[in-house]
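Visitor: Structure provided below as structure tokens; questions to follow.
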Amino acid sequence: MAPLKSWLSIPSDSHFSLSNIPFGIITSKYSQTEKRPAVAIGDHVLDLQAFATGDGFSGLPSLKPHLSVFSQPTLNAFAALGQPVHREVRKYLQDLFSDTTSHPQILKDNTALQKSALLPKHETKTHLPMQIGDYTDFYAGVNHAFNAGSLFRGPANALQPNYYHIPIGYHGRASTVVVSGTTIRRPNGQLLLDPTADPKVPTFGPSRRLDIELELGCLLCKANPMGEPVPIKEAEQSIFGFVLMNDWSARDIQAWEYVPLGPFNGKNFGTTISAWVVLFDALEPYRADKLPNETKLLPYLVEPRNDTVFDIQLEVDLTTPDGSTTTISKGTGKNLVWSFPQMIAHHSVGGCAMQPGDLLGSGTISTKDDSGLGSLLEMSAGGKKEIMLAGMDVRKFLKDGDTITIRGVCGGEPGALVGFGECVGTIESAIPFP
Ligand SMILES: O=C(O)/C=C/C(=O)CC(=O)CC(=O)O
Ligand SMILES: [Ca+2]
Ligand SMILES: [Mg+2]
């Protein structure tokens, strides 16, 4: 993508070039303490409440009846306006920041509005971008599914007969979906220290196998009435945008509890998402084909096109308490065998009502080889192998004080990068139990 040139100074390596324009929720350190919508541009943030108050949207008269959405503490109301509106607002903001803008008087030459609405990012704080009513995590990363399934059930049973017929998922816990930068407390729970013991008697205490899961999150913008499925051909229109996601996992708690109903306390203690929602249109140039699925799908899952995942370069860093950082994974977001539109179509096929703000997790994204595994479970071969870190340190699973940073970016052209910022979490010790 050729860079869009701006009158605003935007670092050429910024994830937030004019080709992006992601939406989020901010408070600013000095002027405003209530949460409000914003977009990220380079090292700045455009406060959309202040921008709307200062007639910044005067060049987009069609938006006038809806300006109140920029005074809301979440993006849900803006998202519910639908993709055509998101598209129009993004293109309008790209024009306003372009050095050849058709409305120079609105912002480029309006220092008063720049002063009130264009904030240095370091003077703002980001918050959860949406009110998340429901969260469902899927399992579309077939390389991870095979690796994890092999560790849990043996290679012969790694992928169940349903895997290539259904984008399977489990209902996660929305109440503990938190924004990047929120501390994650190590969970206590029931642990089976010796899985070979007979009888099996669990112990109780802090998880000893705390893990990450590198995922993409998809936030919805459209509701479907209960009883009315979302047709696969319309499912893309239900998507507001995408975030990075870390589905923190307590593998020992998960292994003891998950049969027969699936993950529960092994997952529900915390899930982190990045703060800035990257819109579908910003990722359009980075569409990629899904991983092969030779199965004859049922019609409700057959997409009109196959390039329905995205080539997002993904990286995971582990920083130990002494501050040394190791990049432990480098992969791509296209390592998925199911797309989010297929997940939406399956999720609603029985009449489940989806709503704006719902979060869908892709499932852990791993490369076929060991270069970009999405969990420590895989990197450590189920805890059998030490993961070498910088400074001769090692890990099998997370220690208290470890920080995980997930980054994702599309493109390689300086000045035209489309990225997600960071998805960060630091592990805090478990609550002491008597
Ligand atoms: O039972 C298994 O094979 C593993 C299940 C999970 O870890 C659930 C999950 O979060 C799936 C994923 O993120 O890919
Ligand atoms: Ca997961
Ligand atoms: Mg989780």
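Backbone N, Cα and C define each Cβ position, glycine as well.
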Visitor: Quick check: of ASP247, ASP307, ASP311, ASP317, which does TrEMBL put in the same Mg(2+) site as LYS267, THR271?
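Guide: According to TrEMBL, the candidate sharing the Mg(2+) site with LYS267, THR271 is ASP247.
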Visitor: Figure out which of THR53, THR332, THR364 sits with TYR139, ARG153, GLN254, TYR258 in the substrate site per TrEMBL.
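Guide: TrEMBL names THR364 for this substrate site.
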Visitor: Looking at Ca(2+) binding as recorded in TrEMBL, which candidate out of ASP137, ASP289, ASP322 goes with GLU213, GLU215, ASP247?
Guide: ASP137
Visitor: Please list, in sequence order, those binding-site residues from ASP137, TYR139, GLN254, TYR258, THR271, THR364 with the Cβ less than 6 Å from ligand 3.
Guide: THR271
Visitor: Per DSSP, what is the residue count of the domain 'Fumarylacetoacetase N-terminal' (20-129) in each of helix, strand and coil?
Guide: 51 helix, 24 strand, 35 coil
Visitor: Relative to the Cα of GLU213 (Ca(2+) binding site), which of the binding-site residues TYR139, GLN254, THR271, THR364 has the closest Cα?
Guide: THR364
Visitor: Could you measure the widest C-alpha to C-alpha distance across TYR139, ARG153, GLN254, TYR258, THR364, the residues recorded as binding substrate, and give it to a whole number of angstrom?
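Guide: Roughly 17 Å, rounded to the nearest whole number.
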Visitor: Can you check which residues sit near TYR258 (substrate binding site), meaning Cβ under 8 Å from its Cβ, same chain, 6 or more apart in sequence, and list them in order?
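Guide: PHE152, PHE264, GLY266 - these are the non-local Cβ neighbours of TYR258 (substrate binding site), listed in sequence order.
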